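S.K.: Can you read through this structure? Questions will come right after.
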Amino acid sequence: ERRGRRADGGGAFLQGWAGGYPEIVKENELFERYYRELGIVPAGEWDAFMAALREPLPATLRITGYRSHAKEILHCLKEKYFRELQDLEVDGQKVEMPQSLSWYPEELAWHTNLSRKILRKSPQLEKFHQFLVSETECGNISRQEAVSMIPPLLLDVSPHHKILDMCAAPGSKTAQLIEMLHADMNVPFPKGFVIANDVDNKRCYLLVHQAKRLNSPCIMVVNHDASSIPNLQIDVDGRKEILFYDRILCDVPCSGDGTMRKNIDVWKKWTTQNSLQLHGLQLRIATRGVEQLAEGGRMVYSTCSLNPIENEAVIASLLEKSQGALELADVSSELLGLKRMPGITKWKVMLKDGQWFEDWKDVPSNRQTQIRPTMFPVKDEEKLKAMNLERCLRILPHHQNTGGFFVAVLIKKSPMPWNKRQPKVHQKLPQRTGDTEATAANSGDGSNCIIEEPTLAENEESKKMQELQNSDTEQSKKEGVCGPPPSKKMKLFGFKEDPFVFLPEDDPLFLPIQKFYALDPSFPKTNLLTRTQEGKKRQLYMVSKELRNVLLNNSEKMKVINTGIKVWSRNSDGEQFGCAFRLAQEGIYTLYPFIHARIINVCIEDVKILLTQENPFLSKFSSETQKKVKDMAMGSIVLKYDPDPEKPHDLQCPIVLCGWQGKTSLRAFVPKNERLHYLRMMGVEVFKAKRKEEELENKTEEEVQHRLAQTEEGMDVEDKEQDLVTKMEAEIGEESSQSPVESSAMEIENKTEDLDESIKNANSHVSQESKDMDASNVKD
């Protein structure tokens, strides 16, 4: 079980906080013997190293940094919640104050030794606990181990970068990458994107859930084996070109002995066998990564293991066979304040029976399947020196009270030697699709794979296959459909996904929407998509044009789990107001720059009314708001709050809310946790209100099921929206036999399973995380 790694909201937020572990003997003689011999811990520090490993890991949290609200959340944390912890005693013990991580930019990461038990003992601490849980559900705070935050920071991401996250679940690092793309919140569609991949279908849904909280049109979740992830193609000025990534995060599966402080099973299960078994896979994944990296691009390789077999041995093998195409970057001047050890250049290999080997030639033939030549250090001193292995980073737990971790940053200077006949980024593609390259990852022993020229018969066959593929692809592109790959190309496991269908240029569905909201002519309507080819389109989603390009050109080779954010939901009787689609809060920050009608600017007092009252009458609002609403037709609206710099004590970040204007009332259409978030930022006490709301919710089984269904396939649903719309209909005096808004949490419309089945699947998605991994294959 990967205890405490989840950052998917709710009660799970604090599962991994210190305390509550069962008694276990934290001793492993083989572990101590192995690492003492390797000398990865500086002289005189061994006892401190082992003592730190036996202590529980401090809980760490990260404030998501891409929203303009991050600074407000930080201000709220420091000025309200942390201040209340000062001089607080529980059971006669002084509560330790949370501390910021000195090396994380802008004080956006914190750690604390508060246990879950202590958090529930004091009313002040319980408020802090509720704040953490609620803000996590909104996506404003992420529960993430400190060392896990390092790889995305060292990737040096800019908003225009094309990024691949090769082994992404459960998604805390992916979330960091998305935030970096959206560094400028005034740009709704950054040119870059993140393709987040994971081999495990069920864990992909945890990944979707993490990514969905950030509401980005620039994230796509795919399901492939990272060691053979296919080459993707994009259309560049009418030419097909291979997609090379500017940045790749290669956070590989590992033995996880750096996680002993939270995964205590590692103490009794640890042997060197885990590393020996994983080395080949790690090398294949890393090789596949550098193949897909653009020249000049940066790839970060990381593990939560201390073992050089999984770390320096993989990097050294990769550097050796790259023949100068790769180099280790010197990142010693980055993340100042982070204590790190340099990579090592000498190590030995040990079997689980304790037998040591210093050289491949010493390994008996009956052991040569377990031990491979790439596991040993390079003997040639000149070659070894040129590799600069000391530029790798090893984080030791006792230096800054963290987990153990390893990071290496690679720069690609030229194509990999076995790919030199492959096209560069800006050349036209050959007829072949690059399938050969997709299988060209080197074998477990690291020997170079040579791509041989195909025979004449193979050429003919490949041409026929290519023609068939091209015709299928062109047909799909014409229809704007990206569906699952054909079964003969790829065997699908897990849940079947619905297609991604882009709206045609002349789709009559769009015209009323464009007119009703006075959308700007620059609005990229071709980026709108649905998840159904037949029947009524109930939800409209949006992706960036770059991801649209990827989707349309790779439907035959890519298994897409999810992409796009919901921007409009069908309101069945909305036609009478001029538009059948209402705005969705999930996508409002992306849509808002393009909307020129139906916007009401509200003051902070109006915002408080909108977020605290279910159905406020117009008379409760300011006279300015009442005037603006007076001449506006009923229906979906945008409610915008702009901060007043002359009132520094008021909320100083802008807020955009979706709302509905009825005959006599005005309401916000915002999920519960988002409401609570905004109220907290405005200094409104929401602790008691939240308690009352939870008690009310527990009264009806239907609403409990509704909340459970929220996790179905990782999608978010606007809280109580069905109830709100029903009341809205009553207000305008309309009766309807159909629900005006899609009430199911599933946003994939043409699935017909009942709600019970949906809940069962949702629970299986979330519970899978605690079942599908043991300590022999841990990735943070």
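Numbers run from 1 along the shown chain.
Glycine too: its Cβ is placed from the backbone N, Cα and C atoms.
The model shown is predicted, which means the values in this text are computed figures rather than measured ones.
What TrEMBL lists as active site, nucleophile is C304. The feature S-adenosyl-L-methionine binding site is assigned by TrEMBL to C167, A168, A169, P170, G171, S172, K173, D198, D225, D251. Taken from TrEMBL, the feature compositional bias 'Basic and acidic residues' applies to 693-710, 748-759, 768-780. What TrEMBL records for 49-413 is domain 'SAM-dependent MTase RsmB/NOP-type'. The region 'Disordered' annotation in TrEMBL covers 418-485, 693-780.
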S.K.: Would you mind ranking the recorded positions C167, A169, C304 by how many other Cβ atoms sit within 10 Å of each Cβ and giving me the lowest?
M.R.: C167
S.K.: Calculate the per-residue pLDDT averaged over the domain 'SAM-dependent MTase RsmB/NOP-type' (49-413) and state the result as an integer.
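M.R.: Across the domain 'SAM-dependent MTase RsmB/NOP-type' (49-413), the average pLDDT comes out at 93.
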S.K.: Take the C-alpha atoms of C304 (active site, nucleophile) and C167 (S-adenosyl-L-methionine binding site) and report the distance between them in angstrom, rounded.
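M.R.: With the alpha carbons as reference points, the distance is 13 Å.
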S.K.: For G171 (S-adenosyl-L-methionine binding site), what is the tally of other C-beta atoms lying within 10 angstroms of its C-beta?
M.R.: 32
S.K.: Below 8 Å Cβ to Cβ and six or more residues apart, same chain only. Which residues does that give for K173 (S-adenosyl-L-methionine binding site)?
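M.R.: Those within reach of K173 (S-adenosyl-L-methionine binding site), by Cβ under 8 Å and sequence separation of 6 or more, are S148, M149, P151, P152, D165, L249, D251.
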S.K.: Are there residues of the same chain, six or more positions away from D225 (S-adenosyl-L-methionine binding site), whose CB falls under 8 angstroms from its CB, and which are they?
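M.R.: Residues satisfying the criterion: V199.
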